[in-house]
Each structure stands twice: as C-alpha cells, then as structure tokens.
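Undergrad: Here it is, the structure in full.
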C-alpha cells in the first residue's frame, strides 16, 4: 500500500501537469482527485488492519510489529533497500499530510493563472516527498525523500512566489540542503561504523543501538540534529523560514507550515533521539534551552512584524519551540504534547496562511498597516480569523491548548525553571495573536473598500479545520491512543534516564 | 591474434579515422562524415565487449587490456559519439570546412582510449599528446571568431609547459629506476631507498603535469578562458573525456607503481582536492557566463574526485575508493555532456560569440520545456541532488571518505557542495522567469537529433540515479 500511495501521488502530478494542455481548470481537479484517492487508499488499508494491532507496542527493530511493513532490495552493494514501515505515528502524519494537501489545493483554487498544471504537479510531488519521509525506514531512502521534496518546493516558491521569491527560494534550499549534507555524512558514519566488519546496512532496525559512543556519538548526532532543527525550525536556524513563508504562494505556505516543518519534528522523534540515546541525553539541556529561547524569541519577533505572513511565520518558530521542548523532555506527557502540537499547529497555521493568502488575493497586500476594520467588510473572514487566532494563542478547548499544556506538564517533571520560562510563551502568544486581530479585522473600517467575503469553497475548508481543532481540543484521546504504543516502543531505547530526561510517567495518557 | 582482439577498440578508432579521411578526400559532406564518425565511435564502443573475452592481456610493453581500461573505453567512445551528434548542427554554422572536425574528434577519442589502456609512461605520453594536439585544433576550429583562437593558443602554450614538466618527471623516474613501465617502476622503487628525493620529485612533477590537464587548483588558470572560447560541444568533451582520461591514467599510475608509498605526495593531492573544491566553487559564484560557471564547477568536481587518492592511502579502503572514482567519473561524464549539450543547442545559430549569459536562458522553461528539463536534471545532478547520477557519485565519495576517516576533506566537500547549490540554482531560477521578464532571451529551434540526444542523456542520468545497482554490480565485479 505504501509504495502504491507514493506512486499514486507521483503519477497524479504527472497527469495534472499534462492535463493543462486540454483545459487550464483540469489540473486542480485532478490534483484534488489524487489526494482524495490517496486518502481513500490509506483509510481502506487501515480499516483492513485488525483493531488490536493498533494497541500493540511497536518495537522498532522488529519488522512484524509495524502496522504495515514492506521491504524490497534496491542497492545491495551498500545494504540499501526500499524499506517502508507505518506505525501509529506515521499514520497520524500521513493523515495530516493528505488533509492539508487537500486544503492547500483548495486554498490555491483560483489563485494560480500561470502554468496551473505544473503548479499542481509540484504540489503533489512535494506531498510525495513528505509521505516518503514519514514512511521510510531505510536511512538512505529517508535522506532521498528528505532532499527530493525540496525541489518541487523550491520551484513552487521560485516560480509562483511573490516579489522577492528568488532570494527566499534560494535561502530555503541552501539551508536545508547544507544541513541535509551534514545529516548524510552522519548517516554514512553511522552505517559504516555500525557495520564494523560485517555487511553495511542503512536499515533503521539494524542501526538502532549501534551509535558510536562518546565524542564521536555526539558529533554524529549533531549532524542529524542540525538537519532536523533547521527544518523544524529551531532557534537559531530559523532565519530561512520567515522569508520562505512570506514569499511562497498560499498553497506553498500551507504546505511548508503545515507539513514540511513537521518532518523535522518527526525526524527528531523517529531517528535522532532513538538512534543516539546517549548523546541525546547529554545534549537534552542544550536542545531544551534552544526550544525555550525559540518560544520567546519567535513570539517577540512575531509581535514586531507588520507583514501578516511574516507574523504567522515567526509564530511558527515560537510554537515549534514547544515541540523541541516536548521531544527532549522525553516522557509520555511531553511527547504526547509534542505530537499533538505537530498536528494542531499544522492545522491552525495552515488556516492562518490560507487567511493571509485570501487577504492578499483580495487586497494585494500583506501589510497589516493597510488593513483594519476588515470584519465590517467580510464578517465570515473575521470570524474565521478570530477562531484561528485564539486557537493559536492556546485557548482551552482547542488542540493547541492540549498540546502546550501537556508539554509544559511533562516538562515540569524534568526542569521546572525551563517550564516557567516556556510558559511565558503562552502570554506572548496571546499578545501577538490578538494584535494580529486588532490590526486587521478590528478598528475603523475603510468605507471605500470592496472586499469579497469567503465563498463556499473557502468556508468549507475553514469549517473542516475548525472542526479538527475543536475535536483535538475536546476529545484528543484517539490521537493519544494511536501514538501511545509507538512511544512505549521508543521510550525504552533510552535507559538509565538521569535527571535531564525524566523517567516514564506511568499511565502517560491523560 | 588475441592481442589484436584485445586492442580492438583502438584499432576500430584508427580505422574510423582513416575511413573519415578517405571519405573527405572523395566527397565533402558534413552529414556523411558525421554519420561515419558516429558509427565508427559506436563500433569501437561495441568492440570493447568483444575485446573483453581476452582480457586481461598485456599487449606489447605499452598497453594493457583489462576490464578497467575497457570500461573507460566504452565511456569515452560513447561520449565521443554524443559529442559528434551534438556538433553536427553546431559546426555547420561555425566552420568553413567542417568535415575534418570529426576526424579530429575521433583522434581525440583515440588518445583518451590509449590513456585508458596505458601501463607505460611512453604510452601515457602518446595518448596524452594525441588527445591534446587534437584538442588544440578542435578548440580553434570556428576560425571566423577570435575567442576560440585565443583559447587554443592559451591551451597550447600552457599545455606544452605541462608536458615538459611531465617529461622531466619521467626522466627523473627513469634515472633512478631504469624503467618506464608502471608496475616495474613499482618494484624498482621498492628496492631503491624509501626516502630518495629524486624519484619523489619525479613523481611530483608527473602529478603536476597531469594536474594541469585535470585543471586542479593551483593549475587551473587556463580553464575558464579555454572553456569559454572553445565551441560548446568541445568544451563538453574537454571537461568530460579530457579530464576523465587523465584521471584514469593518473589513478592507474599511482596504483600500479604504488606511488601511494610517498605519503607526502598523496597529501599534496589532498591539498589540491581541498583547494579545488573551495576555489572552484567560490569562483563559480562570481560568474554570469554559464560556460565559465561550468568551467569553474568542473574544477570543483575534480576536487571531489581527488579525494579518493587520500582514501587509497589505507590499503583496506582501496576497493571502495576505486569504485567510487569509477562511478563518479561515469556520472560526471554523462552530466557534463548533458550540461554542455544544452549550451550547444543554445549556441547553434550564433556565430560571433560563444558566450551564454544567464539572461539568455531566461524563461527557457516556458519556451523549450524539454531543453530546460535537461538543464534542470543536469544541474541537479551536478549539485548532487538525489534521484540523479551525481548524487550516487557523491554518496560514493562520501562513503569512501568516511571509511578512510578523511574528515577535513569531507568538511571541504560539504562546504563546497553548499556553495555550489547557489550557482546551480541561479540558472534554474533564470530558467523559470516569467514570460515578460526575458527580453534578452534568444530564439531556439533545436533539431530532432539534439532533442533526442538530450532525452537520452536525461534518461541515463536518471536511470543511474534511481537504479544504480546494475552499474554498481558491474563495477564491483570488475574492479
């Protein structure tokens, strides 16, 4: 199924691209159909899996423990195979990816006039790469998807971006590519020394527990950490993000914020920490400090922006700081919080970027100083913006609150001071989110302005995202149930956890 | 008899050259000459498989037919054939009597193949000079413009100096050992004093002479001017075959004469590698002329390749190092030919100037999607992005260097690759500019042969990148 899903999206891209010759409206329909087909394929496959498999604790090194697993020989010379595996975490990420992919297509429905076929193709190819990242178990294959998804994303920004697109696209590509090369180096070091005198292998299962110790282990781990934190993005490697977000077309921003950033968090959780337990343990205080600094720094910078998209971009830096904190606190509560943050942030930020795109499409500006009183012109947009702004600031009842609360609760057992500092982020989030609302939708309306309110298509997308956030906030248990076995499988990999990485809090699910 | 079979590719090329000469004498027709030349190059390539039955076989004192030489013979003859096809439309617009051009191209390929076969300093020199002398003439072939002449003179003078250095090195080696054969050199050096300054100086001079041909820093100064001035297909040939052949023979010399015993000398190659990676990439950043940019990037790629010499120092890693070099050379040759192939197609109709500026490719994506696709794949392969041959090559070099624990070289490799992304992507960015922005763009109408060849090259780069296992298996079994 997994290979088929990847192929489906790849082929859908090619078809969408070529269909432009017949009718410029065709590509978006084909892209939509492809994503929906992919979703159906995914759902039909999971409905075929016996329900109790979902509760089984996945031991990552054993093939039979994955929900889905497939392996084909590829480059035997280096022990590289097409090894794909899906567990609860991957499944959650896949659903998020496909859902936000559909949202991205909806958000760009009328926006793209220049070569719509190639646009939709690049969109689908980005999704292909991301899905590959979430499924790959062979580290070589993982790296391949990791890099390949950059190219369509680069093209999305470079071709359909805004005024300063060349600079932004280049910066995005160079940051991720160079950090990716460091990760490639680490992957090879890990595989070569893990092999010893035996056969070399890039398989995740084989490499678990074979990390070098001491300084070498730390350096190798840093290669992974750097690649993932650049993508996350964690402070101080975030500088590419505001530019890329601001210049990308709406759908590009939705994909970037909603999914691409999550690959970084996923990589940390799946690869960086489990592969290097010892080094990660030593490094945890630094990583958590970076997370805390990121939360506050991102929030402060977000407040200083007058560009709608830039503000949301910096708020992402702030929110992803919570993910970094949650991951390195490494207890059930915090990890569940981090995963929940990945999903909730994906949805809420995607919605805010869609809002920004809709505003730019209508007003031809992203400058908040030229907005104000928009609620009067477009009440439906205002209501939606209000909803997602308060979701983003962490109002109880929405997914973001659950996520941030869990991270802080889990973190408190590890480092109370860090928790106190990170909690400031909740206050600053309230400030910039409400500031955003104040500047754009409230205030004195401009009577002259004609603003078309959200139509049915846009409202539909918004309502779906609102429902998702409310569901995550009010009844998050299904998500926890899905990922709990994965975490229980991963957590024993780090044994003898000293004070920095607190032990397992029993009954982690709240 | 077996010996003739063993050198069948060389004989085939010599025959091809003669046939072209005779054909020109009786009937001047560019198309016919191109066909004869291409066919003889392809036949030579096919005859490598035939020659493989007798390998390994020592032919006389000078040549050695083994899988290593045959593998690269196939590569060089195929590259020669590609260059022939690419040149066809181009040379009709640029030269007065273009038929001899193909003759020279066959001779240059013959020189490259001799280098692949060479196990003797004499055959090394023969092959090298055959290659270089043909290239002088090829570079200067478009005789109606000034730039190619300048380039050829520059190449001639500097190359002459390099050859002189090389010969001096031969003399020094001969003075101490009394032999010119690679492996006999190895045994003779074994018996002489280890620290003897004379043979080491000789080896260093040979290295310098060959490094000039490879255009490794600090012997690179001629490269941008010559690439810029030469006809685009010849620049591609020079950058791919011209360098690969020299690299092949240099590697064989080091292996068979075991020059790795001089650790200082090998460290010099490491230094050259670092300098080439950094200087090549940094200088490529400054260029707005795509040909010059590719020239500097080829310097950087030689830097990546030179890493394998340091890896070879440790005997246990020698296998993977040689394999890495072979794969990289193949990937690099295909990619470089593809990149210059596109420049050829762009240049076709323009007689006076050879330069292709960045703004000339502006909006190419929307005007010529196929060509732009070729350029995109070629550039991504040069940059080492996954799914292309260049990535597998880079992966090989990474693996080899990690096995050899050459961390400084790896650092330079990563920094160099990071820089290179910028200038490769800049071309992609220009190609994707929207319609209203490309006023400077030039009209293009490539012929079917150019387009078909482009597709073939894209396909081979992608196949090597996605399914490299068969080539890897071949390399693993023969090296």
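Cβ coordinates are placed from backbone N, Cα and C, and glycine is handled just like the others.
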Undergrad: Can you dig out which of the ranges B:100-118, B:347-365 TrEMBL describes as transmembrane segment?
TA: B:100-118
Undergrad: Does the transmembrane segment (B:34-52) make contact with the transmembrane segment (B:100-118) through 3 or more Cβ pairs under 8 Å, each pair 6 or more apart in sequence?
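TA: Contact between the transmembrane segment (B:34-52) and the transmembrane segment (B:100-118): present.
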Undergrad: Quickly jot the same-chain residues contacting the transmembrane segment (B:325-346) by Cβ under 8 Å, restricted to those at least six beyond its ends, or write none.
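TA: Sequence-remote neighbours of the transmembrane segment (B:325-346) are 71-72, 75, 79, 82-83, 86-87, 90, 231-233, 235-237, 239-241, 244, 247-248, 251, 290-291, 294, 298, 301, 304-305, 308, 356, 360-361, 371, 374-375, 377-379, 381-382, 388-390, 392-394, 396-397, 442, 444, 446, 450, 453-454, 457-458, 460-461, 464, 468, 471-472, 475, 479.
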Undergrad: Near the transmembrane segment (B:294-313), which same-chain residues lie under 8 Å Cβ to Cβ, leaving out any that are not at least 6 residues past its ends?
TA: 214-217, 220, 223-224, 226-228, 235, 239, 243, 247, 251, 254-255, 260, 263, 266-267, 269-270, 272-281, 283-284, 287, 320-322, 324-325, 328-329, 332, 336, 339-340, 343, 382, 394, 397, 400-401, 403-404, 406, 409, 412-413, 416, 420, 423-424
Undergrad: Any residues 6+ beyond the ends of the transmembrane segment (B:67-88) with a Cβ under 8 Å from its own?
TA: 9, 13, 30-31, 34, 37-38, 41-42, 44-45, 48, 51-52, 55-56, 101-102, 105-106, 108-109, 112-113, 116-117, 231, 233-234, 236-237, 240-241, 244-245, 248, 252, 326, 329-330, 333, 337, 340-341, 344-345, 447, 449-450, 453, 457, 474-475, 478-479
Undergrad: At a threshold of under 8 Å on Cβ distances, which of B:100-118, B:155-176, B:234-254, B:370-392 pairs most often with the transmembrane segment (B:196-222)?
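TA: Most Cβ pairs under 8 Å with the transmembrane segment (B:196-222) come from B:155-176.
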Undergrad: State the residues, same chain only, that lie 6 or more residues beyond the ends of the transmembrane segment (B:404-425) and have a CB under 8 A from a CB inside it; answer 'none' if no residue qualifies.
TA: 270, 273-274, 277-278, 280-282, 284-285, 287, 293, 297, 300, 303-304, 307, 310-311, 313-314, 317, 321, 379-380, 382-384, 394, 397-398
